[in-house]
C-alpha cells in the first residue's frame with residue numbers, strides 16, 4: 001500500500017534513493033521492504049527532481065503539490081519524515097552512486113551505522129523546515145480594551161451603516177433603526193396588506209378568548225387580558241424587528257406573574273392593591289427589558305439554556321392545565337398553591353360536593369372539539385384556520401347555549417360582566433417608591449427576563465424560516481418600550497405568543513401590520529362586544545387554555561436532549577420537576593442554577609485528551625475518538641480543550657501530570673522505555689491568565705525533576721504573547737515551542753535519536 005512521505009528538502013537522485021530507502025528499512029518488521037519500490041520510483045523520470053545550490057524550506061504549500069509514493073510497512077511514528085520530491089534548488093549534496101549503494105548495503109545489516117550516515121543530514125535539514133511560532137505585534141492596552149468592549153457589546157457593528165454618510169442620511173438611518181416600520185414601510189403594497197389583514201383577523205379570533213382566560217390565570221379581571229392585546233401590539237408594530245411575532249398575554253407569563261403577585265398580596269381580599277402591584281411589576285419588567293437592549297446586554301438571557309427552557313415550559317404547561325381544573329370541574333373552593341400535590345388534594349377533596357356535572361359536560365365537549373380542530377390543522381396545513389377559529393367558535397356557541405338554557409342558574413360558573421371601553425390610564429397606580437416598588441421590581445425582573453427569552457426565541461425561529469436577521473438588542477428595546485407604555489395603560493406583561501405567532505405565520509402575514517389589525521379588532525371588541533361575554537362559561541376558557549398549553553410540552557425535544565447530552569437532560573428535568581412539584585418560581589430558580597452550574601463545571605473542569613498519530617499521516621487526534629491513532633514511543637501528547645484561567649489552571653496542571661503518571665505505569669508494566677517528552681497541544685487554548693502561566697511554570701519544574709521535556713504546540717496569538725511577556729518562553733526555551741504537533745514530534749524525535 002502506498003503512503004505519501006514528505007519531509008525536509010529533497011536530494012539529488014542518489015541521495016534521495018538512499019534517504020527513502022531508510023524509510024522502507026525502518027518498518028516494524030525491520031526489513032528493507034521499500035527499497036524495491038523506491039528503485040522503481042527512482043527509475044521513473046517523471047518523479048526525479050535534482051537540485052543545485054543551497055536554500056531553506058519555506059513554502060510548504062508548494063512542497064505539498066507532489067510527494068514520493070513509497071511502498072512500505074507500518075513505520076515507527078517518530079521516523080515518518082515527509083519529503084517533498086518536487087522541490088528544486090533547495091540543497092546540493094555531492095556524492096556518487098557507489099557510495100550510496102555501499103551505504104544501503106551496509107544499512108541492511110546494521111541499523112546503527114545507517115543512522116550514523118544519515119542522522120546529521122536528516123536532523124539539520126529537517127530543522128530547516130520547522131516553522132517558528134509567530135508573535136503578534138504588541139498592542140497598547142487602551143486599544144486592546146476598546147477592541148474587547150467592541151467585540152463584547154458591538155459584535156454586529158451597528159454603527160457601520162452610518163460611516164461616511166451626510167447628517168440628513170444619518171438622521172434617516174437613526175429613525176429607521178428605532179422604528180423599523182419606516183424602513184420596510186417604503187416597499188409596502190396592497191398585496192402585502194391583504195396578507196396582513198387575513199393574518200390579523202385570524203389571530204384576533206384566537207387571542208380574544210385566550211386573553212380572557214389568561215387574565216384569570218394572572219388573577220386579574222378578563223378585561224385586562226384584552227387591554228394587553230390592544231396597546232402593546234401597536235407599539236411593537238412600530239418598533240419591533242420581527243415580521244411574524246404576534247404580541248399579547250401568554251399562559252406562562254400570566255401564571256408566573258399571578259403566582260409571584262399572589263405571594264405578596266391576596267387578589268381576593270385586596271383587589272385594588274394587587275392590580276397596582278401588577279402594573280408596577282409590568283413597568284419594571286419593561287424598564288429591565290429596554291435597559292438590556294440599550295446597554296447591549298442581551299447575552300445575559302443566554303444563561304438560561306435551551307434544555308432548561310424546555311423543562312420549564314413543560315412544567316409550566318402541566319401547572320397551568322392543573323390550575324384550569326377549577327373552572328373545568330366547576331370547583332368553587334380551590335387551593336392557591338400551584339404544586340401538583342396541593343392541586344390534586346383540592347380536586348379530589350371536592351369530588352363529592354364540589355364538582356358540577358353540567359360544567360364538566362360543557363368543558364369536556366368543547367375540549368374534545370378544540371383538540372380535534374388542532375388535529376385537523378396538523379394533518380392538513382391548508383386548514384390552519386380551523387384550530388385558529390375554533391376557540392372563538394367555542395366561545396360563541398357555548399355562550400349562546402348557556403344563555404338560552406340558563407345553565408348559570410344550575411351551577412355553571414360564567415365570566416359575568418366585562419366593562420365596555422378601551423384602556424384607561426394607570427400611571428397613578430404605579431408605585432415608584434415604598435415597599436411595593438421594591439416588590440414590583442423583583443417580580444418585574446423575573447417576569448421580564450422570561451418574557452424576553454420566550455419572545456426572542458420565537459422571533460428567531462420564524463426569522464430563520466423567512467431568511468431575515470433579527471436584532472436581539474432592538475427586540476429588547478421594542479418589548480421593553482411596549483411594556484412600559486402598557487403599564488401606564490392598564491396592561492400587564494405582554495410578549496410574543498408561540499401559538500399566535502405560528503398561526504400568524506401560517507396565515508400569510510407579511511409584516512407587523514398583522515399586529516395592528518389584531519389590535520384594532522380587539523379595540524372594537526372592547527368598545528362593542530364585551531357585554532356579550534357575560535354568559536361565557538368559565539369551563540370554555542379552561543378548555544381553551546388547556547388546549548393551548550398542551551403544545552408547550554415538547555416531549556420530542558426532551559427525548560432528543562436525553563440522547564445528546566445527559567447533563568442537559570438533568571437541567572431539563574430539574575426545571576420541569578421544580579415547577580410541577582414545588583412552584584413556578586422554584587422551578588425557574590432550579591433552571592437558572594443548573595444552567596449556571598453547567599457553565600461553571602465546563603470552565604473549572606475543562607476536557608483534556610491524549611493524542612496519537614493517525615497512520616500514514618502527520619495528523620494527531622484524540623485516541624478515544626480514533627482508536628487506530630498510534631502513540632509515539634517516548635512521547636506523551638496532551639491537548640487542552642479550553643482557555644486556562646484561575647478557575648481551572650490547577651486542575652489542568654494536575655490532569656496533565658495524572659496523564660503522565662498513568663502512561664508511565666502502563667509502560668513500566670510492559671517494560672517499555674519511559675516518557676521523555678511531553679507535548680501540550682495548545683490549539684484550542686484561546687486565552688490564558690497569570691494563574692494559568694504560573695500553573696505551566698509549576699508543571700515545567702515538576703517535569704524537570706522527572707527528566708521530562710515540556711514542549712508546546714501551536715499556541716495562539718494571545719497565548720504566545722502572554723507567555724512571552726511572562727518570560728515563560730525563555731524558561732522552557734523558544735526551540736521547545738512549535739507551530740504544530742507534527743513538527744514538535746519530528747524535531748523532538750530527531751533530537752532524541754541524535755543524542756542517543
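Glycine is no exception: its Cβ is also placed from the backbone N, Cα and C atoms.
Remember, TrEMBL labels are computer predictions, not curated facts.
The domain 'STAS' annotation in TrEMBL covers 625-748.
The transmembrane segment feature in TrEMBL is assigned to 234-257 (among others).
Sequence annotations record features per position, and here TrEMBL assigns transmembrane segment to 277-295 (among others).
Among the features that TrEMBL reports, transmembrane segment is placed at 307-325 (among others).
Sequence-remote contacts of a segment are chain residues at least 6 beyond its ends whose Cβ falls under 8 Å from one of its Cβ atoms, and for the transmembrane segment (355-376) they are 327-331, 383, 386-387, 389-391, 394, 397-398, 401-402, 407, 410-413, 537-540, 542-544, 546-547, 550-551. Marked as transmembrane segment by TrEMBL: 355-376 (among others).
The annotation transmembrane segment is assigned in TrEMBL to 383-404 (among others).
The transmembrane segment annotation in TrEMBL covers 476-495 (among others).
Residues or ranges marked as transmembrane segment in TrEMBL: 516-533 (among others). Among residues of the same chain six or more beyond the transmembrane segment (516-533), those with a C-beta under 8 A of the stretch's C-beta atoms are 196-197, 199-201, 203-204, 207-208, 211-212, 222-223, 226-227, 229-231, 233-234, 237, 246, 248, 395, 399, 415, 417-423.
Below 8 angstroms of C-beta separation, residues 209-210, 212-214, 216-217, 251-252, 310, 313-314, 316-318, 320-321, 324-328, 330, 359-360, 362-363, 366-367, 370-371, 374, 391, 394-395, 398-399, 412-413, 415, 498-499 of the same chain, each at least six residues beyond the ends of the transmembrane segment (539-557), sit close to that stretch. Sequence annotations record features per position, and here TrEMBL assigns transmembrane segment to 539-557 (among others).
Annotated transmembrane segment per TrEMBL: 569-597 (among others), in sequence order. Remote same-chain partners of the transmembrane segment (569-597), defined as residues 6 or more beyond its termini with a Cβ less than 8 Å from a stretch Cβ, comprise 255-256, 259-260, 303-305, 307-312, 314-316, 318-319, 337-341, 446, 450, 558, 561-562.
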Problem - For the transmembrane segment (476-495), sequence-distant contacts whose Cβ falls under 8 Å of one of its Cβ atoms, 6 or more beyond its ends - result: 178, 215, 218, 220, 224, 227-233, 235-236, 239-241, 247-250, 253-254, 257, 278-283, 285-294, 298, 423-427, 430, 444, 447-448, 451-452, 454-456
Practice task
Give residue numbers and ranges for long-range contacts of the transmembrane segment (234-257): same chain, 6 or more residues beyond its ends, CB-CB under 8 A.
Solution key: 178-181, 184, 203, 207, 210-211, 214-215, 217-218, 225, 228, 278, 281, 313, 316-317, 319-320, 323, 338, 443, 446-447, 450-451, 454-455, 458-459, 462-463, 465-466, 468, 470-471, 474-475, 477-479, 481-482, 485-486, 492-498, 500-501, 503-505, 509-516, 518-519, 545, 548-549, 552, 584-585, 588
Completion exercise
Sequence-distant residues near the transmembrane segment (383-404) by C-beta distance (under 8 Å, 6 or more away from its ends) are 202-203, 205-206, 208-210, 362, 366, 369-370, 373-374, 376-377, 412, 414, 503, 506-507, 532-533, 535-537, 539-540, 543-544, 547
Fill in the blank from the handout: Secondary structure of the domain 'STAS' (625-748) by DSSP, residue by residue, totals 62 helix, 21 strand, 41 coil
